[in-house]
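For reference, the structure discussed in these notes is given below.
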Amino acid sequence: MQFKNVALAASVAALSATASAEGYTPGEPWSTLTPTGSISCGAAEYTTTFGIAVQAITSSKAKRDVISQIGDGQVQATSAATAQATDSQAQATTTATPTSSEKISSSASKTSTNATSSSCATPSLKDSSCKNSGTLELTLKDGVLTDAKGRIGSIVANRQFQFDGPPPQAGAIYAAGWSITEDGYLALGDSDVFYQCLSGNFYNLYDQNVAEQCSAIHLEAVSLVDC
């Protein structure tokens with residue numbers, strides 16, 4: 001396993017839970033809020049805790065640090081691993097220098113994951129990252145993504161990726177249908193492409209390109225270790 005020591009950051013950003021004409025209505029079942037498609041050989045279960053790191057979709061495969069999370073569930077992408085803001089949004093800062101990264105390899109081992117087909121290789125997380133109190137720590141079960149506080153990973157009404165509840169916030173579009181690809185990327189439905197959109201000195205994460213300052217990324221699943 002290749003070890004990468006990455007910086008983690010967290011910042012506070014608020015997002016109101018407003019109802020939407022489409023999406024989740026409080027009191028209704030939310031586990032059926034899934035995209036219509038699914039990615040080939042995506043593993044809908046990974047019970048070992050993992051983090052996610054932003055990897056730019058470029059020829060050099062430059063990767064940021066792991067994503068962090070602030071106290072209310074916001075996910076933040078720094079130039080290192082992903083953090084989580086206190087209000088549940090996923091965000092990333094812009095200060096760290098991107099580092100090159102090898103593509104995550106696949107493995108036949110099935111100790112911690114459950115692939116959708118017996119003919120599919122199970123994802124093996126090749127990269128590791130140091131974790132701290134702001135690191136976004138995840139588990140995946142039956143296509144539902146949860147953080148260390150048990151909140152549900154969802155795409156909310158403005159297409160932003162964040163954690164709430166359970167249940168997810170009113171108007172949420174997707175709250176299930178997550179998987180990890182054979183290459184080790186987080187996927188939602190049939191897509192493993194997400195978007196980071198610059199907001200001040202950090203990036204918010206979305207499932208669609210919502211503005212000119214957004215760029216396409218992969219979210220690489222990484223092992224988390226105490227350093």
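Backbone N, Cα and C atoms are what each Cβ position is placed from, and that goes for glycine too.
Quick look at what Swiss-Prot lists:
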- 1-21: signal peptide (SIGNAL)
- 65-78: repeat 'PIR1/2/3' (REPEAT)
- S68: O-linked glycosylation site (CARBOHYD)
- Q74: site 'Covalent attachment to cell wall glycan' (SITE)
- T78: O-linked glycosylation site (CARBOHYD)
- 83-124: compositional bias 'Low complexity' (COMPBIAS)
- 83-127: region 'Disordered' (REGION)
- S105: O-linked glycosylation site (CARBOHYD)
- S106: O-linked glycosylation site (CARBOHYD)
- S107: O-linked glycosylation site (CARBOHYD)
- S109: O-linked glycosylation site (CARBOHYD)
- T111: O-linked glycosylation site (CARBOHYD)
- S112: O-linked glycosylation site (CARBOHYD)
- T113: O-linked glycosylation site (CARBOHYD)
- N114: N-linked glycosylation site (CARBOHYD)
- T116: O-linked glycosylation site (CARBOHYD)
- S117: O-linked glycosylation site (CARBOHYD)
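The two recorded residues Q74 (site 'Covalent attachment to cell wall glycan') and S68 (O-linked glycosylation site) have their Cα atoms spaced 9 Å from each other. In the structure as shown, the Cβ atom of S68 (O-linked glycosylation site) sits within 10 Å of 34 other Cβ atoms. Note on Q74 (site 'Covalent attachment to cell wall glycan'): other Cβ atoms within 10 Å of its Cβ, all shown chains, come to 32.
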